[in-house]
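Taken straight from Swiss-Prot:
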type     : residues                                                       : note
ACT_SITE : Ser720                                                         : active site
ACT_SITE : Lys763                                                         : active site
BINDING  : Gly397, Pro398, Pro399, Gly400, Val401, Gly402, Lys403, Thr404 : ATP binding site
DOMAIN   : 50-245                                                         : domain 'Lon N-terminal'
DOMAIN   : 633-814                                                        : domain 'Lon proteolytic'
REGION   : 1-28                                                           : region 'Disordered'
Amino acid sequence: MTFDTNDDSIAKNSLAPYNQETEQQQEEGAMKINAGTEDDVQPQEIPSSIPILPLRDVVVFNYMIVPLFVGRERSIQAVESATTHGQHIFLCAQKDSQIENPTEEDLYSVGTVALILRLLKMPDGRLKALVQGISRARCLTIHNEDGYLTATVELLQEPQPTVKPTEQEALLRYAREQCEKILALRGIPTGEIMGVLSNVNEPGRLADLIAANLRLKTEEAQEILQCLEPIDRLHLVITHLTHEAEVATMQVKIQTSAREGMDKAQKDYFLREQLKAIRKELGDAIDADEEIEEVSSALNKAGLPAEVRKEVDKQLRRLSTMHADSAEAGVIRTYLDWIAELPWKKTSKDQLDIHKAKTILNEDHYGLVKIKDRILEYLSVRKLNPKSKGPILCFAGPPGVGKTSLGRSIAKSLGRKFQRISLGGMHDEAEIRGHRRTYIGAMPGRLIQAMKQAGTKNPVILLDEIDKLGNDFRGDPSSALLEALDPEQNHNFSDHYLNVPFDLSKVLFLCTANHLEHIPAALKDRLEIISLPGYTQQEKLAIARKYILPKQLKENGLKENELIISDTCLEKIIREYTREAGLRNMEREIGSLCRKVARKKAEGKKPPFRITTNQIEKFLGIPRFIDDDTEKTLPPGVALGLAWTPAGGEILYIEVSTVKGKGNLLLTGQLGDVMKESAQAALSYARSKASSLNISPDFAKSMDIHIHIPAGATPKDGPSAGVTLTTALISALTGKSVRGDLCMTGEITLRGRVLPVGGIKEKVLAGVARGLGHVIIPTKNTKDLEEIPQELKKKIKIHTVSHIDEVLPLAFSETIPVVTKKKQTKQPTS
C-alpha cells in the first residue's frame, strides 16, 4: 500500500511497516497493538444504517486500530455525524483513489464497520480519527444525507473452519514461521511480535492481523477482506507472505553482494598500492609522468591538425592532474592512443600506371567491362589532376557476381590498402559514428576503426550490403552515412568518440547492393550506380575454366594435369546443377567434383582422372534443375512471360481459363497489387477490342475468367507481365494457341501501348537458357540490347514492339483475323 498525506481519508498506521517512523519502530510495534483489545465491541451493538467514510489506498480489517486523516468536506461531515450517533462508521475502500467525490459505483461493496475511539481536530481543519475495525459488512444501499453518504449494511458473519484441527494447526504454524522469517531477514527482533502471533489461534483473526501489516495493494487487501471463509483467507495471506519472504531474501542477497563489491574494491586498492611498492623496489615501475610523456611523444609524431592538437593538449592537461589508477584516466589514455594511431597525414602512393591496373583487373575478374572502364577513367583523372575528389561507386547486382571481390581487386590495381565494412543487419547509428566517451566501453565507429586498421589516409573502403541497413530506436545508420559519403562534407567527418573532425575525402568508397529500391533516396543520390547483371552461360564457362577450376584444384591438392574435364561437362554442371545469376553454386559443385577426385588419388589410384558427362551424375548426384520440355505450341490460354529476380531472369508461365459464369475475375498465384492491376488492364483492353478480335462482346458477363501464375508459394509482382497477361487472355477467349518458342515482357496500358520495363538482359538470358527462339520486348528497351553479348543475340530472335497489335501476330500460330463490324461473327470461347 502507498499512503499519501494529501488524501482526505488516508490511514497513518503507526504500526504498519510503511509509516513515517523508523523501520525498527514500525516492526516492533506493529503486531502488539494491532491485535485488538479484550473489550471489542459486539456486533449486535452496531446499527444497520451508518455514515460511510471512503478510504483511499487502505483497507481496514477487524480488530485493527488505525489512525485516519480526514480532509474531504463530506467525509468530515460523515465522521462528525458518526460521533454523535453511537461512534460507528462504515469504512470502504475506493476502487480509484483519484476520484474526489466517489459514488456507489466507485466504492467496494464489502467494507468494515469501525468504532471511532478518538477524534482530534487539526489546525488546518482536517480531522484525525483513531478507529478500530469490529465487523465485516456488505453495503446494501447508499443514500446521500445532508451532503455525506450513509449506507444500509448487512453484517457478515465468519463461518466456522471446516478443515481438520491438524490441518488448521499446520496452516497457523506455517504462517507464523513465514512472519518470523521475514522479521529475521529484516533484522527486527522477533520475540515480542511472535509472542502476539502465538496467542492468536483463530485462523481468520490471524489472517486479518498479518494482512493489516503486509505491503499489499488495495485490490489484494480487498480480496482478503471479502473472503469470509477463515481457512481460505489464511491461504491467501500465506501466498502473500511467501512472496514477501522471497523479496526479502532477494534484498538480503543484493545488500550482501553490494557489500562484498565494496570490500573487493578496497582490497584491490591495497593490492595495487602494494604492487606499486614492489615494482618500485625492483626498478620496474613506470612513472605516470613517463607514461604521459610517451603518449605526448606519439601525438607529436602523428602530425595532428591545429583543431585536433588543441583538444589533445586539453586532455593531456586533465590526465596530468589525475591519479594514474582512476577510471577517468584510463578513458583519457585510451582516447589519446586512438588519436595517436590514426593516419592524419600518412597516405599511400597511387599506382597510376593505366596498363598495369588494367592487367590486374583482367587477371582477377572476367568481363565486367563497364566497371573496369570506370576505374581506369578514375585513374586517368587522378593522373591528370591529383587533387580530384574520389567517386563513390555502388555495384548493384544479384548475389555471387563478384561485387565484393571486385573491391579488393580495385584496391590492388590502385596500390591502396583495402578495408571492408559489412553493413548487413546494422541498426545502431553508433556503429557508424561511434559512442560518446561518457559511455562505459565506448569506441569509435566502424569508419574510424577501418581508417586505423588501414594505416593510411586514402584506403579503399568497401561498404558491403548497403541495402540491408536497418533502423530502430537506436537511430538510422543510413543517415549517419550521408556525411561520410558526401564529397562536400566528408573532409570534416565527425565521430562521436573522437569529437574532432577527421578527413575522409581521400578515401575511395565502394558500395555493394542487391536491391537498389531498399537504399534510402538521400543515400542513393550520393552513389554512382553501376549494375552487374548475371553472367551468360558462355561467361560462366570461361570463368570456370580460367579462374574457378584452377583455384579448386589448388585448394584440394590436385595438379592441373591430374583432372581433365571437358567444356561439355562444365556446361552440364552450369545448366543442370546450378541456376543462378552469380557463380557461388557453380564453384561449390566444381569444388565437390575436385574433392571426389582428390579422394581417389588419396586411395592410391593414379592420375590423370578424366571426367565424362556420364560420370557427372555419379559424382554430383541427380541433376537439380531439369527444364520442362518446350512445347512447340502451347494450349489455348497459356503464354510464356519473363520475370526478374535478384538471382537473375526466370521464365513465367501464365495460364488463363474461362468458364460459364457471371463475369468474375479470379487471380491466383500470390500476385501483388501491381500484377493484379495489370490483369485488370488486360481484361479491359480485351473487352474494348472484342469486336476486332472476333470475341463475343458479352463475354465479360457470361463467363468467369481465372488467371493463374504457377509457383503459387512464390510472391510475384510488377508491371512487366502486362503483355503476357493480355496475350494469354486473348488466347483463351479466341481459342488460339500461343507459340511455344516465344516469350515476352512489357507493361500494357488500356490503349494497348507497350511500355518499357527493367532487367532486359537477365530476362533474355533466361529465354536463351530455356532454349526459346523468340523474345518480345518493348521498343523503348532497345537501348538495353547493347548489354547483351552478340553470341546471345545469335541464339534468340529479339522482336521490339510498341503496341499489343504488334504482339498478337507474333504470338499466335495463325494471325487473328481483323473483323469489321459489318462482318462481325460470334465465335464460341474455350
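Even glycines carry a Cβ here, placed using N, Cα and C.
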Listed in sequence order, residues with CB under 8 A of Gly402 (ATP binding site) and six or more positions away: His365, Leu368, Leu532, Gly582, Leu583
For Lys763 (active site): DSSP state (helix, strand, coil): helix
Reduced DSSP assignment, Gly397 (ATP binding site): coil
Winner by Cβ contact number (other Cβ atoms within 10 Å) across the recorded positions Thr404, Ser720: Ser720
Neighbourhood of Gly397 (ATP binding site) by C-beta distance under 8 A, where only residues 6 or more apart in the same chain count: Lys403, Asn514, Ser531, Leu532, Pro533, Gly534, Ala581
Alpha-carbon spacing, Pro398 (ATP binding site) to Ser720 (active site), which is rounded to whole Å: 19
C-alpha spacing of Ser720 (active site) relative to Val401 (ATP binding site), in angstrom: 24
Cβ-centroid neighbours of ATP site Gly397, Pro398, Pro399, Gly400, Val401, Gly402, Lys403, Thr404, 8 Å, sequence order: Phe395, Thr512, Asn514, Leu532, Ala581, Gly582
Collapsed DSSP category at Thr404 (ATP binding site): helix
Integer Cα-Cα distance in angstrom, Gly400 (ATP binding site) to Lys763 (active site): 18
Binding-site residues (Pro399, Gly400), the one with most neighbouring Cβ atoms at 10 Å: Gly400
